[in-house]
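Reviewing the structure listed below.
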Amino acid sequence: MEYETVELDDKDDALVIIDQTKLPGKTEIIRLKTAQEMWDAIYLLKVRGAPAIGVAAAFGIYLLAKQIDTADYSTFLAEFRKQKEYLDSSRPTAVNLSWALKRMEKIVTDNGDKSVEEIKRLLKTEADAIKAEDIRVCKTIGEFGLTLVKPGDGILTHCNAGQLATSKYGTATAPIYLGEERGYHFRVFADETRPLLQGARLTSYELHSSGVDVTLICDNMAATVMKNGWVDAVFVGCDRVARNGDTANKIGTSSVAIAANYYNVPIYICAPTSTIDMNTATGADIHIEERPAEEVTQMWYRERMAPEGVKVYNPAFDVTDHSLIAGIVTEYGIAREPYEESFREIFARKENAEYD
Ligand SMILES: CSC[C@@H](O)[C@@H](O)C(=O)COP(=O)(O)O
């Protein structure tokens, strides 16, 4: 892709993103400067996908911190926390948002002995590191994911866990992009992903423009392509993984997982360790965002598709039970049942790597 999903323009004090609600028809780059603009961009899905939201929030809070006009540490910290809470309230399910904001807050609280100017410089370094890590992490997830498939395989994916959802490579698409570079020539099926069509508008767009063999299907066709024997593996991203491996991802993922299990197709969740929330015990503890009815009844279509005033239920995510998941692919290896134990090993590997 020609543009980056999320960028910082430090000279112009702007968070620069592609407005993903306009894709694939129009590539519109927008510049966000105020807390309200950043909050709206996340809530309205102009920037979306768990890792991309985290990177946007890190750059966003840095820019908002830069605007705090005081040399007094306590005043700075109080205002920083206010802005952080505000950005954190934009979407509840993707843990990367609060993860990135907490990481930025730690820079402020760990450096209370430094000047406010110095803390602002450290915040910029941390936000840059969060983005650079995201790129490295996605690439490594791609390498591990690639060990689970073979050349020519059929891969099904749901929603968009691609480049547009991260800083580069994507998570669920990382094995596909790396495989493509190495001549694996996968056949990819992209679920359109109602109601907001991230699969149709974003995944099929980014894979098709990268030369990947991608076929767009409606969500209710996933079981059929599996029954036809066209799918060897399912790769999806996630917004939050609970300690027991239950996984929240875009609504419809659990139906894909149930069909995949029925047809003996393994489903793999691609999850940066930043998306694994060891403080959440099970999927029942994950807050599932509910969004406006209009997204179901009329958005993206010229005509209304449902009667005025009809009742609508519009949860943005669902939870796939850990028992349906064949493996959770992280940047420190592939976690398997029992997930809690496996995650502890993965986090220990991460800690050792950081220590080395
Ligand atoms: C690597 S992105 C992982 C998930 O965030 C993705 O699969 C997803 O569900 C995105 O939902 P969205 O509502 O478009 O932000």
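Each Cβ is built from the backbone N, Cα and C atoms, and glycine gets one as well.
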Residue among R81, R91, R291 sharing the substrate site, where TrEMBL lists R48, G49, A50, Q198, N249, K250 as binders: R91
Substrate site span - longest C-alpha distance across R48, G49, A50, R91, Q198, N249, K250, in Å: 17
Sequence-ordered binding-site residues from R91, Q198, K250 with Cβ under 6 Å of an atom of ligand 1: Q198, K250
Assigned element (helix, strand, coil) containing R91 (substrate binding site), judged by DSSP: coil
Output field, substrate shell: CB within 8 Å of site CB centroid, site R48, G49, A50, R91, Q198, N249, K250 dropped: I53, A94, C159, N160, A161, A165, G237, D239, A316, F317
DSSP three-state assignment for N249 (substrate binding site): strand
Length of the line joining the Cα atoms of R91 (substrate binding site) and D239 (active site, proton donor), in Å: 11
Close recorded positions near C159 (site 'Transition state stabilizer'), where close means Cα within 10 Å, chosen from R48, A50, D239: none
